[in-house]
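Okay, structure first, notes after.
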């Protein structure tokens, strides 16, 4: 009899939890859409007020997530031993957020939500006009908020740990520093060798104009082939490319077309497609629940960086696609062989813009941001000092100094939405991706052969089966161990870069 | 002392009401955006789940609007004698909704919200494939819901009154029948005279192809000139044209381009611009409150029909714009004079599609729908009988029979979103518009001269000053009396149509 009462209570709690999860997820889907809209569609005069409306909805989600009802349900369900794996994962996700956020007052949260909505516009304008001062007041407030959140969340060693954990559960400065140190050391050495002994690439092929309409046509041509379902998504244009999930059946990519830089949209689109395909492949059973999205920002970046680099910058990828690219741009490419093009695509060249960096330089861009963010959150530096610090670190890490803030500290959208703590995910993604590549090549020994033959379906099937379908069922650490048999380590990426660039540069 | 306590209590209630109003309005803005998105942007695989997400948010708005908190605040504030006019209007708006809707269970409302979201897709598909059967199950459910709502809302004489009141507060079958009878009688007579004695127009000018890209260019050219602020709105494409407000600074229009029918997008866009300009002109002080939108559906239609017909189908409008239209379409229009074009634009011709009907036939299209809706809600007819009834009534009212349901009962979006009760607003809009025109011509005796000289700014200034700025501050009846000095009557429209078509047809 008592067992029956318990069961009944548990059933009620499970149903209440399901309803609450669904409501929060519905609202989150809508927030995703409004975010996308405000960056891609919204006319300028409406943005300010609409940012407040989004802030109100974000606050509602926040309130639901830290509500007494949520707290009680999490407590009840956490105490159940034989909870099914799916519910257990959902409880884990909500509990993490609940424990971090329950001490943040709703008013403070709403103020922060509205601020980040408005800061995006300020950033866009500042970037367009090379006017850091216009963005600074927003950035200063965002930094203050993030410092405050770090304190409220709590941390053991470094305040920045509290923010890292938001994007990659469990990640700390202590764990990241040695990974980055190893990567930096090997990258700098490799760069030196390339600069001294590398056989130059025909990078000047990119110093030409590529008609934007034709670029669009080529992007639309490759997207479905590499696995993005156009009936379950869109491709639009923005200043800063991104992927935004509304639902599993509605994943939206954006890209940026530059006539003088064909690589920008090309690899930007492939990168965002990597994010998008991941979300399109999540098990439909997880739709309308917190599990409907990718495991973490780091794992997400592993999928985008994998598709962009391990696949999209491979020789075999271009063996398959280059004839079509030539057909789109005959004047620009008729005298460039596919091997020349492949090497040109993999030119190592210290430059200003992260999203257009080659695979080797990319991680140095990230480390620079990581160092700055750590110091910002620790209060060692202030927002107003960022332009000067940015340029100094660019010189230190990459040996170049941007001539404008637009090419420097203003290039990234992340801080405007409060994403301090996000950047390390990119390099983490590169690390995960190299480790995953090693595993794929065990399962599919003819991996690069498949690519050369355009069998992206088989590649995507593997990714769906082994990674994508799980959504947030596993933590990032559980997932990487499940997929590759071991925890994350930097060796695979170091080896991959070494091998790739020795081949490209004939070292 | 007691007065002070009262004041304090009132202040608290006012602040609580402001916060609740703002929250509801923020959510409504977001719902507006998501509605627009689902019709204009959303990829097809995501629509079904997203409709559920929108349903959840609509239900939240519903719950807030009929909440105990709302009920208490309305009671408190209604009892205050010297409430300021703005708050009084807000209380009126919420009270009307509260009293009608508080007896609808939230579950029922959510079910209905999701249904109407999904029905739109079903309607679109049915319309594309001329497949009424595909739409029927949705329509049947919607009819059942609307009948149930009519019962719950309550009514004195006809169940349809309960639904009319949703779109035009205070409107009843009893009030509408004589207005429509008068209009019908005079329209049918006028049509007869035109068909017997009218000098034919050169309507064949429209039997040509008009390049769609050029149509788009022309639409984008005229929109800002006639007063639509493109920095506070957008123009996109849909199957069924509409205007959607997100905020006062973000009003979105859609239109439909047909190569074989240049009038469709042209007058459709002007029509929607009439709605859009109205919303863009609302007093910014009312933004983020329930007053931020137009007074009623009827008044709204008066603004769109006024711009489309009294302005956009006037001879002076084309004196101003025709040279540009000719420049856009030289091959099609070089041998057509502006006077011929003006007469062609005003050709009276019974046809199938409401949105493309001339001013005279238009009201007959509405009366047909009105009769059908009345009978549907009264349970006299059922959804499954609609194709046959539709075609019969088309024959009775307009003397033509559609050859497909796509050209017949499937042509309108309204029932799919539950808008049974909406259609009469269009003819009401025509009636209001003619009455308003008479007043404008008193204030601006050179009204049509201004149009001929492209002084749409002065016309819009008058509309903004006298109508638009007020948003929902006044009820439709208060507003029409304030603007024109008398209650709505059908004489002005009857006279306007008589005068216009006698001139066009040389009667």
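Residue positions begin at 1 at the first shown residue.
Just so it is clear, glycine is given a Cβ too, placed from its N, Cα and C backbone atoms.
When TrEMBL records B:271, B:275 as binding Zn(2+), the matching candidate from B:237, B:287, B:288, B:301 it lists for that site is B:301. Residues near residue B:301 (Zn(2+) binding site) in space but far in sequence (CB under 8 A, at least 6 apart, same chain), listed by position: B:425, B:426, B:428, B:429, B:430, B:432, B:433.
Note: residue B:272 (active site, proton donor/acceptor) has non-local neighbours B:241, B:242, B:243, B:253, B:254, B:255, B:304, i.e. same-chain residues 6+ apart with C-beta under 8 A of its own C-beta. For residue B:275 (Zn(2+) binding site), the number of other Cβ atoms no farther than 10 Å from its own Cβ, over all displayed protein chains, is 24. In sequence order, B:243, B:272, B:274, B:300, B:303, B:304, B:305, B:307, B:308, B:429 are the same-chain residues whose CB sits within 8 A of the CB centroid of B:271, B:275, B:301, the residues recorded for Zn(2+) being left out.
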